[in-house]
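For reference, the structure is listed below as structure tokens.
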Amino acid sequence: MGKVGAGDGSSAGLSALLAGAGLLMLLAPGVCSSLSCCPPQHPSSTPRRTLTPRGFPHPGPLGRAPATPPPLFMRPLFAVAPGDRALFLERAGGSRVSVATAARSGRRRRSGTEPEKIEPGEGASRSRRDMLKDGGQQGLGTGARDPGKATRFRMEELRLTSTTFALTGDSAHNQAMVHWSGHNSSVILILTKLYDYNLGSITESSLWRSTDYGTTYEKLNDKVGLKTILSYLYVCPTNKCKIMLLTDPEIESSLLISSDEGATYQKYRLNFYLQSLLFHPKQEDWILAYSQDQKLYSSAEFGRRWQLIQESVVPNRFYWSVMGSSKEPDLVHLEARTVDGHSIYLTCRMQNCTEANRNKPFPGYIDPDSLIVQDDYVFVQLTSGGRPHYYVSYRRSPFAQMKLPKYALPKDMHVISTDENQVFAAVQEWNQNDTYNLYISDTRGVYFTLALENVRSSRGPEGNVMIDLYEVAGIKGMFLANKKIDNQVKTFITYNKGRDWRLLQAPDADLRGDPVHCLLPYCSLHLHLKVSENPYTSGIIASRDTAPSIIVASGNIGSELSDSDISMFVSSDAGNTWRQIFEEEHSILYLDQGGVLVAMKHTSLPIRHLWLSFDEGRSWSKYSFTSIPLFVDGVLGEPGEETLIMTVFGHFSHRSEWQLVKVDYKSIFDRRCAEEDYRPWQLHSQGEACIMGAKRIYKKRKSERKCMQKYAGAMESEPCVCTEADFDCDYGYERHSNGQCLPAFWFNPSSLSKDCSLGQSYLNSAGYRKVVSNNCTDGVREQYTAKPQKCPGKAPRGLRIVTADGKLTAEQGHNVTLMVQLEEGDVQRTLIQVDFGDGIAVSYVNLSSMEDGIKHVYQNVGIFRVTVQVDNSLGSDSAVLYLHVTCPLEHVHLSLPFVTTKNKEVNATAVLWPSQVGTLTYVWWYGNNTEPLITLEGSISFKFTSEGMNTITVQVSAGNAILQDTKTIAVYEEFRSLRLAFSPNLDDYNPDIPEWRRDISRVIKKSLVEATGIPSQHILVAVLPGLPTAAELFVLPYQDGTRENKRSPEDLEQISEVLIHKLNQNLVHFELKPGVQVLVHAAHLTAAPLVDLTPTHSGSAMLMLLSVVFVGLAVFVIYKFKRRVALPSPPSPSAQPGDSSLRLQRPRPATPPSSPKRGSAGAQFAI
């Protein structure tokens, strides 16, 4: 599902309830262009679903509260719905009017990278028009006018009962938060603030309280502290008398708590910086708090004391237990990050979340930011092999992988709803880019079938995914969706939860009654269902639970959905027929259970009028709500079912105080409705009365009666006889043009459940499954329902063995879980034998005992042939898995000579630690090669054809790890080398690591240059690995910058003589540390340059040793068979004690000997 998203990243995250605190927020246009001025908010308490760019959408859990105002680029809005209500307003220059309603039921489907924000669901228009065309005098069609079909407008101005109150002294304040708890309470709280956009902080605040439904207000700054700056207002969703105020964390981190609806407060210090709150859905004093440093705290005393639950919690991935699904009401579900950056799913008790008491319901890691707990379901995502896999737990049972059609191959998925024990999901398949397919699940949320293809999606300003899908309030199973067909977007409607869809029939006439010529399927009505990038421009739809037949939306008539020529439409028969009500966008407020509709026009000008309709939009009357035109910033309806009081927030000018206009609609009603004031209305779909398997008859108030009604729901409901229309195709089946559900090409209907054993029974699907929540009875129910059938005996077939994570690798010394899968066969009476390939084998008597997998630990690395054999009385099957067992590669050391001869083969070896890590790939770079040499062996041989310094690099790939080492080698036609030794005290300070050897080599070279005066370019020193400490000294034929010929062999001999002399005279030494002198001297003659090796002997070193031995033997044989016998000469008088030189004595001649060659005395350099 990409991931389970945490709310709504678009700026339009509005809902009537914010955080269960009853907070509805408004920001004026242009005030906040980024999250810098308005930090992101968190999911609201309204159970709405939103989608994120990477994943599972997240329904804002009940009671989640934002810490700061959310960014909204919009105009003011209506806000009303059952329950508590509050409004957040923000004012800027050039205020515009917009009205929006937020309803719990009118849920739009959205997603975002940010927490879910309050969203208008009940009539919030989203575009701006300047004027209402008088009475709608511009028609949509031509022909004979039918006055009976025209929308009537009464232009006579009527007056509503209203009072105005100014929040004196707050003219500079540009934000306001309003809470109206309702439930027979007359208390309204308003928090106004001055937000400095340059500083990015709140600099002033005021708290106001009304006890007479908003007629008058009292300023409470002295009760909370005159110098206290308040930043946010929270209200307990289960007890509206409990209020919580958050101080500005820039100054202090404190909570002010009230238990008397904000009359008095007590201050409590916080030892953390609060970012969001989550109230418990039942216990009024239980709260979860998320801090800015990603720690989760709990309080059982309504914020008076806090206890740390868990650190490193993923933002918005914490939930209270769901009643009925969890036994413990104080259980907390959360997603936490491990030290190495992985995410895990944890549960624990709010006051006892110790390491020992934490549970891990999902084994292993989950994808980051992917946990969602919603109703009876828990969802997580796990990506393996480059593909996302989605898992669900129903009523906290073990997780099962969610099954889509085999070749859906989703690249993104979002859970839209989990209502009525069923999962509704939007899936973007491998071949889709800007559309999603809608899928609906069985009760357990495991098996999904297609409901609608190619539903339009778009990206919000924060990258959030928005799906054009709307669930109509008050009628179960009714949805509207915008589907993309041949690059045209059309609106479809369903009454049976996606089983059947059809286009919307356009109105027969326009506002004036002129006929509209629109023929299906070429022309239809199209509605805006999504929030646009500017969340309060065109695109609004509204419905109410208490008015199930009435839907108000903006849209257009034509061949496709358009962003131009937008009008307002209403349906009073649940979407069967529609009527145009305005030619410009208005926002709609439902009064008196939907018996009265209030419309307020979008305009940038101040207004003082609104429109009322008592007959479901057929006619409208003009009412004034204030004597002075007002720039409207927002409208808040009275909480509760009746909604007869409305407060309009605005200002007379850009510099004036906030003006609060209380509008009382009670005066427009004559009386309470009696039984004779109602008429019956039957829900239907194009004349079909059976909707979701039942006939439902509602009562509606007669249009000519102006009485206050009471909502009673459906007058009566009776089940229908089941027909084929009450059944959808089962998993693995597809509906064909004749209406039949037939198996998909990839599905084998004869496949049995793996739990099915000979003598048992299984449910044999007929290809159909009843639509969840459908109430039909009898009829074809028996014919289409899966029937129990005896399990036939079958030989094993389709055996597979895989690792639990789908990988072909395992780590040495760690558990690897192997899963045995069998398509067919009697799993209860099948013998399974598993050979791990390392000399260990196990047997099982049935497959059921292996459901959790077979765990095994490999002690050695290598490629192991894992075989599994299954047998029953009817046959057998086998499968093989080649498993690569590795261990982590920790270090790579490149071993090769320091100096080599031109055109001579050089051996390079990659020495590994540990030496056995499994299957490896070696990548070699050397010389001037532009392409590497790739081998499976750790050694290579090569030659250099030119002199100079060359770099060799080896990269070793082991699984996901790649390590490398680089060395430099000098190439010359000839050079001299000598082994060096040191005074024994150096060994005490030798840690035997490459860095130390490089530093000591540099010090020795410096000492040699200082003692001999030989240019440093002629000397190369390499300290060798191991103890005792030794080094190799190389004399190189350096060529200076004047491009003179390089040194001759005789010159190298002269340099060698000087070096040997100084070494023999003990003139080369260095100070390792204060008081520690190290003497450098020659060790012995070497026949070839040595190689920098690890303590283990390499092949090249052994070859050198053998070469020395063979040379020694050859010299011995030659001299043994000489005609003249060589007699030893007495020791040279010039030899010094400790002289490590080795003399090769010549046979004594009969004649006087010739002069010795240069350099014959002292140690000899190897050539």
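Just so you know, glycine gets a Cβ as well, placed from its N, Cα and C.
Listed features, source Swiss-Prot:
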type	residues	note
TOPO_DOM	34-1098	topological domain 'Lumenal'
COMPBIAS	111-133	compositional bias 'Basic and acidic residues'
REPEAT	208-219	repeat 'BNR 1'
REPEAT	256-267	repeat 'BNR 2'
REPEAT	611-622	repeat 'BNR 5'
TOPO_DOM	1120-1167	topological domain 'Cytoplasmic'
Give the nonlocal contacts of the repeat 'BNR 2' (256-267) in its own chain as ranges (CB under 8 Å, at least six residues past its ends).
181, 185, 187, 189, 207, 209, 220, 223-225, 228, 230, 240-245, 247, 302-304
Sort the residues of the repeat 'BNR 5' (611-622) into helix, strand and coil with DSSP and give the three counts.
0 helix, 7 strand, 5 coil
I'm checking region-level scores; what's the whole-number mean pLDDT for the repeat 'BNR 1' (208-219)?
92
Go ahead and report the DSSP secondary structure tallies for the repeat 'BNR 2' (256-267): helix first, then strand, then coil.
0 helix, 5 strand, 7 coil
